[in-house]
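Before any comments, here is the structure.
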């Protein structure tokens, strides 16, 4: 069963187009299917279900000519809802294996290949982004505009609305009207033609091509400006090491003593892994650079400093390493948040190999189930995280663009969630704006609370119970916004903290009560199952999914019983459409490429097996301070995984992500308790022997307060018994000066460190009282000083991103290149990017050559060969020159040299003996 579930959740999609991403301007997925070859000419809309049973919900059909071959057509089938088109696309076809069925897209980018102009459709843009519902925009439309359209559909995620015109000629009339300053709330409207496309292969990059795309290797001279930012905002940096595959920038001043080019051969231990083009492989070796300090800062070339930066932005001696986290790690499986794993409930979506079988929650007979019968889709109330309403549609819901409900109240401040609609991140970003929410004071002995009509965001305050306003419990209610206002709810909503009927022994108290919305679909499995955790649980048979389940179930809260939210259930299709745009394999605003996302899941699974299951976030793409010792400890813990990463030639789904693995090792590594360290903490006079006062201090550390006489005497008796049982060489005083300690109990021996550390009853109590501490200190930081911009091919969007950095400078700036370099606007985007760099850092740094100079060699092996030749030539030149100088000196100054030699080394005179004939007279 587990293998089947694992295969189901990890099975790759059969539709190859799911691996493609539409990169065009205002490109949206619409409820249409494109059939190639087309339908028979005599086929009508009534005949369509006979050929394609899954097309029974089709509302219209027509043919369009292929853009590259106008003589042939394709058929376009239109559906009313996103669910209908998904069911039709997934259904079986009778048209034969040659029939191709594509999902349709609409865009305003007329320059892309493979587009077909849709005469009866148009895009409306320019309206305020506050409109999230189609009805809101429809009521604000000018009369001249609304009279010329049949249908309006808002795509708030793309900030556009799709218009279905009364006649094909209506576009020209609307275009003229918008040029006459047609506005909504002061915003000027724009009408754009809609173009149909279905084959994304011509405009998108597949998953396999992503890892070797041009955007990963294109040089926009980011390194030049990154070095300028270092010199301007971090002048305290002493040495800069640039790691390349041997390339040398033509503008780099290699004579500067502070800059050094490091090649891959210099740092890779196994040279058989080279060459490599994988950044995780290279990053896993950078701590081996010769001459690198113990703590160093690592930057990619697309990262720079926007404001003055100092070492305490990365590390402080009081709080340790500063860790900047951003968005959560992608789910291990669709519909399985990280907070669900190993939480005591067996979640079907997590019961697969990718999620380690829900961390063991689905093993054995003690596993509960998150969605039990009669529980309103909530399971054990209070067991899950706040703000997660029973999973919602596809277990993902958003309170604001780019902010999932699961990000609320997760102890991290997400700027996208710090808005009113998300309750200001449920307090994660502070309580400065809580005055905008409706406050409900939680009082003792009261279970009914009144929320005025119209207040849809409120929070519980414990001020009445705890006499302190420091702690608040955010909550959310929903206003009734029916289409026909037929329900007419009373002016107040009452919350009852008691269950309407007993369900599996679940109890709810006011401390953990939170408002809940019954999900539009039942998450209970259709197959029969029972709650093994409860002996009196009733088996759950085939359940009726959808709205009938909510109608038959009386509900958990009073407004559920009275069906106040029935119209909310009627909006299910609209909500599904919005969420499908966000959650179709990627999150808008925090988008991941598949290889990177898979590698994050891979590392997260490894960390779960080593340090336990927990929700983790991805470190920001910014400069990181790395400790060489910590990094080596991490690689010593996972040697095979890092060796495999080093072996990969390009980015791989089983790479050890550098920053993610490093920082979570730093935050997860624990220091085992050292009994000797505890003894030294208690031994305040550093005498080596504990006095009566210090023994009392030890007793307070291992016992609950207030300390009783039995606790103190019990500790002394343990020490006395250990002194009698342990050998004398342990209990006697060694290398300790004679002490004058006098104990109240005369039988108590000198309490030395050896006695304490070898007394098992005492060490057991110490281990029970003391918890393992983190090996390294760290501090979690927010995203306030981080600016991460994904640079795409849309020129106007790029200009807006860069202007935001100009207006709001941050300490850490990253401009990630995601430009389609084959697009016609790529050169314009690069020019805009270059202009931004020059405006931010116009002054050349000391690491650059003057403008009129460039490096002779552009690769290290050429430079090294030239340096070796230069050194040899210099050596022999010096030898020849020395020889010539010596010869010249001897030639012109020979007599002087000889005279000097005679003067320094004079010749010794020899005296002959006198002749004997001369002596005689």
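Keep in mind that glycine also has a Cβ here, set from the backbone N, Cα and C atoms.
Here TrEMBL flags 332-367 as domain 'LNR'. Taken from TrEMBL, the feature region 'Disordered' applies to 516-536. Under the heading compositional bias 'Basic and acidic residues', TrEMBL lists 523-534. The domain 'EF-hand' feature in TrEMBL is assigned to 670-705. What TrEMBL records for 875-900 is transmembrane segment.
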Beyond a gap of at least 6 residues from its ends, the CB atoms lying under 8 Å from the transmembrane segment (875-900) belong to none
Residue counts for the domain 'EF-hand' (670-705) under DSSP, helix then strand then coil, are 19 helix, 4 strand, 13 coil
What DSSP reports for the domain 'LNR' (332-367) is 13 helix, 4 strand, 19 coil
On average, residues of the domain 'EF-hand' (670-705) score a pLDDT of 88
